[in-house]
Each structure stands twice: as structure tokens, then as C-alpha cells.
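What TrEMBL records for this protein:
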REGION    1-33  region 'Disordered'
DOMAIN    78-188  domain 'PX'
Amino acid sequence: MEPASFETGDPSASPARRGAKSTPDRNSVGVVPPYWQRHERNASYLSTYSADNGRPTPIGLEDHTAEGSENGKVLWAKGVTIDDYVVVSGTAPGGSYVVWNCVVETLDGGPMTLRKRYSEFEDLHSKLLQTFPQAAGSMPQFPPKSVISRFRPRFLEKRRQGLAHFLNCVLLNPEFAGSPVLKDFLFS
């Protein structure tokens, strides 16, 4: 049986589909796990954002694990989209905040809908780095905070794209996909 292939970009652009070997840039700081393959256009191999449009570059995932492998069993998601956000006005300390509406497409069935604040994503990022310190180089850059621009539409759109990219990288990584840290984030 052929290994399953899960891709979020153009399948013809995948180096594995063309038969070419995918090798990281020698000058790159981080290490890209073998199960991640970035689709290259005009950006460098490890760039977080595409040079064409400023959006995160798609990540292709191909599962080459043997049938019955433990790594193959932990992959349960196809991908994540963050479709929308809501600015919640508040009078409590901290004031207003943004809630992100996330949809996780699963391999087994329908979508899962999550509503999370930026602080919850930030907490997940921090806990993953503590739990998997060896994976720090393969974790995507986390979208930054901004006190001045935090409710401006342009800033929120960039943050939405960054959070979706981050969550896709985490869910499509077999090391993170089955971790209790990720399960706490998804089901709390």
C-alpha cells in the first residue's frame, strides 16, 4: 500500500512528486524535519513568508512511515484554517480582546471548530518549546504582539495568517500531533 499524502499546496510543486530530493539551505539556522516539505517559489527554502504575496508558504506533508507505525497513528488532521475573528469588548482588566474562529479538518470525519484567544496560542507555543526543546528550530516564527496596532484590520489579518500557519505546522507534525500539550489546547 502506498503511503498517504497530505498536502496543502500545489501537488505538482512538491519536490517528492517531481522525484527531486529536497535539501535545506546550508545557511539556514533551523532544521526542517524530513516530514515537512516547503513548496518553493521565489522564497528561500526556510522562509516563513512567500516573497510573492507576503502570506505564509504552504507546507506539504507526506507520510512515509511504515503501515502500523506509531508515528502514522498520531496524524489525525488535514489542516487548519482561521476564517474569522471577533473583537470582544470588555471592561475587565485588560479590556477588549480578539477571539479567533479556527476550523480543523480531520482525516476521520467532519471539521472541529475552535474559538481561541491569541494568549492561548502563545501559551501553546511556549508549552511546546518547553516540552520539545529539540524542535525549536523546526517551529515556525510566532506572530508578534503589538500594543498600538492590536485591533487594526491589517495587523489582525497578518496575525490570522501567522496563527493559521503556526497551527498547521503543529498539527501536521507527528511529534506534536499526539502530545498532551496539543490536546489540552484543542479540548480546553
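Placement of Cβ uses the backbone N, Cα and C atoms for every residue, glycine included.
No curator has checked TrEMBL annotations; they are predicted automatically.
When averaged over the domain 'PX' (78-188), pLDDT in the model lands at 91. Across the domain 'PX' (78-188), the DSSP tally of helix, strand and coil residues reads 51 helix, 28 strand, 32 coil.
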